[in-house]
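Per Swiss-Prot, these features apply:
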BINDING   Gly123, Thr124, His125, Gly126, Lys127, Thr128, Thr129  ATP binding site
Amino acid sequence: MVEPQVAPIAPMMRRIRRIHFVGIGGVGMGGIAEVLLNLGYQISGSDLRKNQLIQRLLSLGAQIRIGHDPQHVEGCDVVVVSSAIDEDNTEVSAARGRLIPVVPRAEMLAELMRFRYGIAVAGTHGKTTTTSLIAGILGEANLDPTFVIGGQVNSIGANSRLGKGEYLVAEADESDASFLLLQPLLAVITNVDADHMDAYGGDFTALKAAFLEFLHHLPFYGLAVVCLDDPVLRELLPGIGRPVLTYGTCKEADYHLRELKQTQGQTQFQVARPGKDNWLTVVLNLPGAHNALNALAAIAVAHELGIADSAIQRFLKGFSGIGRRFQCYGEIATPAGKVLLVDDYGHHPRELAATLEAIRAGWPERRLVVIFQPHRYTRTRDLFEEFIRVLSQVDVLLLLEVYPAGEAPIGGADSRALWQAIQTHGQVSPILVEDKEIIGEMLFDLLQEGDLLLTVGAGDIGALARRLSISLEGKR
């Protein structure tokens, strides 16, 4: 077999030596920084606080400072900014004053993708899992892809990797419309839902138009892979104007599944594929019908790239997961007895509903105790009624205060308002937790043997899950 070669770097990047990242601790920023570091560029960066990703980049040779200062951009050739960074940031202003190019994260990702076979995964929900599955299957087939993913791939302990093959697999982020900077050869869209609406002026039509424009960035010989189960994607289908493959649960989809069965954390199903008479039997080491659809998208991509069925089946069965995507900490021995602890990144009602459905299907006999941290006041406001409906379905509910993600509080869109509304709804009596530090003591009285404890949200609740996995056992 011929050893794959690293794809060439864009010619214009040859003039670039040092690249500075403002907000380097973000998962998308840090992933790109690691790939560039491994390509031989000098990487520097700054952020407001240190985290595991920054520690990893430091160990790889990046120069990172905590806090922002104009002097940090001295000597750099280009500055990459996260969408979370304000325009008046002191480092950004200093770079512009020195006529140093300032580019958004997605533009740098587009440069990495430009001279490779770019595979971009977009969609409101399921991007990280689908991207991880595609990259993993390509790796299993010895295609050695480069990838940049919005979550830590457990098997390698990182969210990005520089490969020697021709493929680059990445998430395409619609939250700030930056995915419109990408020009992949193959694009996947998992679904389109109302989220990040502030970036689109609160106009769902504008959001749909952005997804359609994203697909129009494909070349005429490219390929769009879209989920036919999603009503919005069905609506957009006639306007795509590029080669299209569909996937879903309905028989009219090019790739469709049947006989879906879940046993605890594993899901089994069969897949029909165009041009194949036999059904492909798949065992996926993830729970839930939503993850089966994510895997189906990855199977469609893999099949189109000519990857053998055996490699697809082998990888999906052995998939070790992604950090904070239904991350199972296993059975924790508490004073009340053994409790199964699961942590998940879900922060939209549709994501919460999918996770709860997977839990009820895989562990129907367990009482479900949920600790939920809402993410952003705007999302809580915009999806308030949907949050009430979904969260009312659990057995025990603890509500943490909204994780603001830089937003100012909005009246009637905080956790107290959510708590009151769920109480009025009457199906569950939620507990408002105003101090996360005492939640371990609260759980001491609430938990029962055999419970499934789910921590869920996109803020800092993941750190709470890690602490609980230790502290609850310590109270035995």
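Don't overthink the numbers, they just go from 1 along the chain as shown.
Placement of Cβ uses the backbone N, Cα and C atoms for every residue, glycine included.
The number of other CB atoms found within 10 A of the CB of His125 (ATP binding site), across every protein chain shown, is 21.
Within 8 Å of the centroid of the Cβ atoms of Gly123, Thr124, His125, Gly126, Lys127, Thr128, Thr129, where the record puts ATP, the same chain has further Cβ atoms from Val121, Thr130, Thr190, Asn191, Asn294. For the binding-site residues Thr124, Thr128, Thr129, the greatest number of Cβ atoms within 10 Å around a candidate Cβ is found at Thr129. Counting every protein chain shown, the number of other Cβ atoms lying within 10 Å of the Cβ of Lys127 (ATP binding site) is 26. According to DSSP, Gly126 (ATP binding site) is assigned to coil rather than to any helix or strand. Long-range Cβ proximity for Gly126 (ATP binding site), meaning a same-chain Cβ under 8 A and a gap of 6 or more residues, is found for Thr190, Asn191, His290, Asn291, Leu293, Asn294, Ala297.
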